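Trainee: Take a look at the following structure, please.
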Amino acid sequence: METSKPGCGLALDNDKQKPWLGLMIGNSRLHWAYCSGNAPLQTWVTDYNPKSAQLPVLLGKVPLMLASVVPEQTEVWRVYQPKILTLKNLPLVNLYPSFGIDRALAGLGTGLTYGFPCLVVDGGTALTITGFDQDKKLVGGAILPGLGLQLATLGDRLAALPKLEMDQLTELPDRWALDTPSAIFSGVVYGVLGALQSYLQDWQKLFPGAAMVITGGDGKILHGFLKEHSPNLSVAWDDNLIFLGMAAIHHGDRPIC
């Protein structure tokens, strides 16, 4: 990640690059990307009320593509006249009305980058598992509380338990814990890994050899834990799937790779 202000120093005059901004409004944070053509060049995350230094210098000067799972936050950014994506904009089949636009974009980005059929695991505030077949048809999926949400909920709702933070979780915990914080980490992490292993193995039976990719804020640590916990599962990690999905819409659903 560059330390300069997002969007600084990137060429605007090359017609092939055509810069644009992507904004994914998630359940707890704003996810930004500075894109040139169909490639995310810089990505960063802010809270819902970002400081001016965190905003891209090109905001309002180049096209802004926006997707959101928080309607009231969408209204904040209408002043920049964004192209607001909905499920109707995506070339995917069998989506139900309440299906999350973030899941759909990640699925599209996964399929066009790694090939359909594909399974995408998004490790965010909510952890989602979503599968599409070779015809870009939604097979189905699941939603569970993410790692951070589980840790926070145990600390908030149970007086005898400490509230633990994700930054304390730096390595795969011991399964058989001998203190309360370690027991919480063990239960949360191995519970999530067990669920993921079950879904991924079932997906392999349904679609042998199909792509399986992890993304999201907790995606990198989940990917590392899963490799250690279930080394026989072939799962990629890609932090840009949602923005690759946006790029596909921006460029008319052309293959990314």
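Glycine residues also receive a Cβ, built from the backbone N, Cα and C atoms like all the rest.
On a predicted model such as this, the values are computed, not experimentally measured, just so you know.
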Trainee: With Met24, Ile25, Gly26, Asn27, Ser28, Arg29, Leu30, His31 listed by Swiss-Prot as ATP-binding, which of these, Thr86, Thr110, Thr113, Thr125, is given for the same site?
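Mentor: Candidate listed by Swiss-Prot for the same site: Thr125.
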Trainee: For a quick check of packing: other C-beta atoms within 10 Å of the C-beta of Tyr96 (substrate binding site), how many?
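Mentor: Taking every protein chain into account, the count is 8.
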Trainee: Counting Cβ neighbours within 10 Å across all chains shown, tell me which of the binding-site residues Gly26, Gly100 comes out on top.
Mentor: Gly26
Trainee: Here's one to test understanding: among the binding-site residues Gly100, Asp102, Arg103, Asp122, whose C-alpha is closest in space to the C-alpha of Gly26 (ATP binding site)?
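Mentor: Checked the binding-site residues Gly100, Asp102, Arg103, Asp122; minimum Cα distance to Gly26 (ATP binding site) goes to Asp102.
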Trainee: Around Met24 (ATP binding site), which of the listed binding-site residues (Tyr96, Arg103, Asp122, Thr180) come within 10 Å, judging by Cα atoms?
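Mentor: Neighbours among binding-site residues: none.
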